[in-house]
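Written below as structure tokens is the structure these notes are about.
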Amino acid sequence: MIAFSCVIGIGLFLQNGRIINLAGPGMAWLAYPLMGSIVWSVQAALGEMTALFPVPGALFELPCRFLDQSIGYAVGWMSWFAWVVIVAAELQGVAGLFQFGFNPADLRRLQYPEPSLKWSTTDVNPAVWISIFLVLILAVNLIRVRWFGEIEYWIGFMKMLFIVGLIVFNIGINIETETHFRFYNDPWGFISRAWITPSGAEETGGWGHLAGVWSAMTLTIFSMIGFEAVTVTAAENRELRTFEGVKISSRKISMRIILLYSLATFTVGLNVPYDEPLLVNREISALDNGTHSAFVLAAIRAGKTFWPRFFNGFFILSATSSGINSLYLSSRILHALALSKGAWPRVFRGFQGRLQETGSKGVPRNAVFVSWLFGFLGYLAAGKTPSHQLGRLALNSTVSMLVVYAVICVTFLRFKNFMRLARNSGSGIPQDCIDPEQDLSAYSRRKTTPTYPYRSNWQPLRTCYALFGCTMLILFNGWRSISPFSGADFVASYISVFIFVVLCILYRWHLHRQIIPRLHPTLNLRHPVMVDTTDAASGRDKLRFKKDDKFLKKVVRTAQWIWVWLK
């Protein structure tokens, strides 16, 4: 549930309307399962490797083991950087949400029953809200891990209920207003009829459709970031310390996010036309406040007076919770990097030792504080163009995580190859990488092997698909910044790739005193997890009945199965 809460921030609520505007209502809700399938495939690969080798800092430790040490450490810093940037982005989102207010002319156009709709906080400087919530995010991350988990569990549960409520709400007002599929038909349509360039020109036809849909998909991926939280939190989560927990959680988070996002987008698209002026934003990198949310606009168009304010208030809670989780993840990644000797040059060893320390409550306070300092980037929202700054921060963190995801995919392909070599008497692998007394069946991915903890389906095609998707998104995410050229947006789109390459080169020189393109994995295959997957205690994710089960027992088994997927 913590991973679910981490994913649900401001992406769905604030960018959903812009995605509908770019792609049209039909293609918008299809963009979520399409992009979700990429992240789902990445999570499956990461989950399988983590189930077999449950190590701290799996995001970078696994690439170190199976791909290359320099690439692994670079990935560690990229993931840490992405999450601290998301902390700042969520803070900027919170500050923007407090500027909730509509132009009276827009309210009259939308036939809203009241002459005004605004919060009294619109005149407060955004820096005030950033300061308050910056302190709140730090305070929550310093409490006992158990309490932190309880808080985030219930907030995550509230988020899930809220999205379900949004779906039901939009279905209800669609029936009440008798709109039905009006905005899916002429003069609107399933797909947007034109794409508006940053300069204001209209592109129609096939090129316009492709440009709009691709732009929508690149925005969609930001709201999907966070699936990997399942593996990052495993070390401190009793539910995730078992292979079964990792397997179920990896599948559960994917199913929830893709299903809820798709249904929420589909239902709100029934009530808001894609050419609604408040949804239009020609900027390349921008993330607006709650007055441009499709969910808020749907309530306003239906004449509801209470719900727009309530929705905006919950968006603030969601963004705050996501910021809290982002700081948690970034601090745990930084702490795991501190525990890895090779990740730090000798000159930083003293600082590394400080980051290794944990408090009496098990919280790595120094790592939390260092990561928290980057939240001060949120004060960029106090400038003249807060939506631009927020959009560029979101874009930068998204590309950083796409680089991490691409490396995870390559790592899994190498992992799969090494597992094949290891089960065949360890041929091609140095002898000191495998325990001499190790049962080599532990490395067998065959379905007939009952000791392999988690075997993801449709491999390696699934990972190759995710690798292709991540690569395409990385290469073409900033295409709109080229013509007309926008230096700030171009840098935001591709600076992460440059930083990753520089880190790889620096680490290669630091570790091996060479820059030649030769891979140096550690190939540590010791202590794989071996379990009995045929045991009756496993398979909680599957609904199975025995021939002699009576009706009441079947009901109990069904209820237990539903609870596994909901909790």
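Heads up, the Cβ atoms here are built off N, Cα and C, so glycines get one too.
According to TrEMBL, the protein has these features:
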type	residues	note
DOMAIN	1-421	domain 'Amino acid permease/ SLC12A'
TRANSMEM	80-102	transmembrane segment
TRANSMEM	127-145	transmembrane segment
TRANSMEM	157-175	transmembrane segment
TRANSMEM	211-232	transmembrane segment
TRANSMEM	253-272	transmembrane segment
TRANSMEM	310-329	transmembrane segment
TRANSMEM	363-382	transmembrane segment
TRANSMEM	394-415	transmembrane segment
TRANSMEM	463-479	transmembrane segment
TRANSMEM	491-509	transmembrane segment
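When each of 80-102, 211-232, 394-415 is scored by its Cβ pairs under 8 Å to the transmembrane segment (310-329), the top-ranked stretch turns out to be 80-102. Using a cut-off of 8 Å between Cβ atoms, the transmembrane segment (253-272) and the transmembrane segment (157-175) share at least three residue pairs, counting only pairs 6 or more apart in sequence. Through the fold, the transmembrane segment (463-479) approaches residues 35, 37-39, 41-42, 44-45, 214, 217-218, 221, 284, 395, 398-399, 402-403, 405-406, 409-410, 412-413, 489-490, 492-494, 497 of its own chain, all at least 6 residues removed from its boundaries and within a Cβ separation under 8 Å.
Remote same-chain residues near the transmembrane segment (157-175) are listed as 1, 4-5, 8, 12, 256, 260, 263-264, 267-268, 270-271, 295, 298-299, 302, 304, 307, 311, 314, 317-318, 321 (criterion: CB distance under 8 Å, separation of at least six residues from the stretch ends).
Residues belonging to the domain 'Amino acid permease/ SLC12A' (1-421) score a mean pLDDT of 84 in the model. Ranked by number of Cβ pairs under 8 Å to the transmembrane segment (363-382), the listed stretches 80-102, 127-145, 211-232, 394-415, 491-509 are led by 80-102. Counting same-chain residues at least six beyond the ends of the transmembrane segment (394-415), those with a Cβ under 8 angstroms from any Cβ of the stretch are 11, 38-39, 41-42, 45-46, 48-49, 59, 62-63, 66-67, 71, 75, 78-79, 81-83, 85-86, 89, 221-222, 225, 228, 285, 287, 459-460, 463-464, 466-467, 470-471, 473-474, 477, 489, 492-497, 499-500, 521.
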